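A.B. asks: This is the structure, below, for whatever I ask next.
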Amino acid sequence: MSKTYHFIGIKGSGMSALALMLHQMGHMVQGSDVEKYYFTQRGLEQAGITILPFSEDNITPDMELIVGNAFRENNKEVAYALRHQIPFKRYHDFLGDFMKSFISFAVAGAHGKTSTTGLLSHVLKNITDTSYLIGDGTGRGSANAQYFVFESDEYERHFMPYHPEYSIITNIDFDHPDYFTGIADVRNAFNDYAKQVKKALFVYGEDDELKKIEAPAPIYYYGFEEGNDFIAYDITRTTNGSDFKVKHQGEVIGQFHVPAYGKHNILNATAVIANLFVAGIDMALVADHLKTFSGVKRRFTEKIINDTIIIDDFAHHPTEIVATIDAARQKYPSKEIVAIFQPHTFTRTIALLEDFACALNEADSVYLAQIYGSAREVDKGEVKVEDLAAKIIKPSQVVTVENVSPLLDHDNAVYVFMGAGDIQLYEHSFEELLANLTKNNQ
């Protein structure tokens, strides 16, 4: 039976994906959010989903309300629902109930969730009818689907309502210092989550913290080293992607190619292969569809403006920065790697300042944008982007949206824009600068 859903905070990456999924399943969907443009809204607009400004008038008694995790009692729509005792569900609670209708495949981990969820979704949907929800704002819903692939987020332990049949865990790392107290707290959260997985876990076997995880379901380890249950080996990394074989219990289960770059993407693919092997999916079909994966939004997304290569990536943690730069060097080994990075949240910048500097030193030159504070925090003046610049050994300087012209001081370069805030504003300024230079030279 068709329902009407109203999403409070519909532009959030998970929320927009869920909205698209429910829309495609035949339900009426609308939502509200701030006016500021966010990259997820294009997909919503293309689907014909109405996006409204926040207003009490948006809510009617016949609707099912789904509320984004960032929106609290100070939001006018949430306050209205509470005042009038209109029931609503948080995103993660709704998802926990929704997945019960499917055989579910979850992807958790500090880094690589979205890319791995995208890869798993791509392969499975090309083999059989599959619904999926990806953290880049992409979702697909089918009422006839047997399988459901989704991203499982550890922040504020939002993954605790989830009880999937299968789950990949890509890694454990200290992040979200505004919530987690340290690496032990992060590990404990993942351990609690792992205990809820029903059939099997697929865990990166070279992560010391992950190896401490215990769960009732079988745990399969994947990685590069002997001793793992699924081992990627005979690896060739080229400018066209990565080729490798995977063996399980001493037997080769397939030879694979992914048109993706960086060691981390080989690991992501190996996790997907391991999960689908245990789930009984034909490895020849898996190999066929791995070859055609085109990536996910804001994860090593490339464009060329007037012969200048620009890469856009969501990387906002030191581990992710290192992985993104590694991928850029694999694809463009003869080019200078110029990193343009915007720190995301003051708490993360303070907690990981030294690690950020070390990671950014992997680039040849570094430009920094002003720190992007989250809606949950206040700038107390405890850290400035200049503090990070001072710790970077490679050539570095701070740029503004209004003046990105220092980026032109490079020949034969690849420009890698990284961040989870509004780094795309800097990217767009640079693109406009390049376009104007071309016009002036004509």
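The backbone N, Cα and C atoms fix where each Cβ goes, glycine too.
If you look up Swiss-Prot, you'll see Gly109, Ala110, His111, Gly112, Lys113, Thr114, Ser115 marked as ATP binding site, on the strength of sequence analysis.
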A.B. asks: Quick check on the binding-site residues Thr114, Ser115: which one has the highest count of other Cβ atoms within 10 Å of its Cβ?
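C.D. replies: Counting every other Cβ within 10 Å of each candidate, the maximum falls on Ser115.
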A.B. asks: I want the residues beyond Gly109, Ala110, His111, Gly112, Lys113, Thr114, Ser115 whose C-beta is within 8 angstroms of the mean position of the ATP site's C-beta atoms, in chain order.
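C.D. replies: Leaving out the recorded residues gives Val107, Thr116, Thr170, Asn171, Asn268.
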A.B. asks: What same-chain residues, at least 6 away in sequence, bring their CB to under 8 Å of the CB of Lys113 (ATP binding site)?
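C.D. replies: In sequence order, the residues whose Cβ lies under 8 Å from that of Lys113 (ATP binding site) (at least 6 apart) are Val107, Gly135, Glu151, Ser152, Asp153, Thr170.
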A.B. asks: Can you tell me the three-state DSSP label for Thr114 (ATP binding site)?
C.D. replies: helix
A.B. asks: Within 10 Å of the Cβ of His111 (ATP binding site), how many other Cβ atoms can be counted across all chains shown?
C.D. replies: 22
A.B. asks: If you draw a 10 Å sphere around the Cβ of Ala110 (ATP binding site), how many other Cβ atoms fall inside it, taking every protein chain shown into account?
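C.D. replies: Its Cβ has 22 other Cβ atoms within 10 Å.
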A.B. asks: Relative to the Cβ of Gly109 (ATP binding site), which residues of the same chain, six or more apart in sequence, are found under 8 Å away?
C.D. replies: Thr116, Ile168, Ile169, Thr170, Asn171, Ile172, Tyr204
A.B. asks: Sort out the sequence-distant neighbours of Gly112 (ATP binding site) for me: same chain, 6+ apart, CB within less than 8 Å of its CB, listed by position.
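C.D. replies: Residues satisfying the criterion: Thr170, Asn171, His264, Leu267, Asn268, Ala323.
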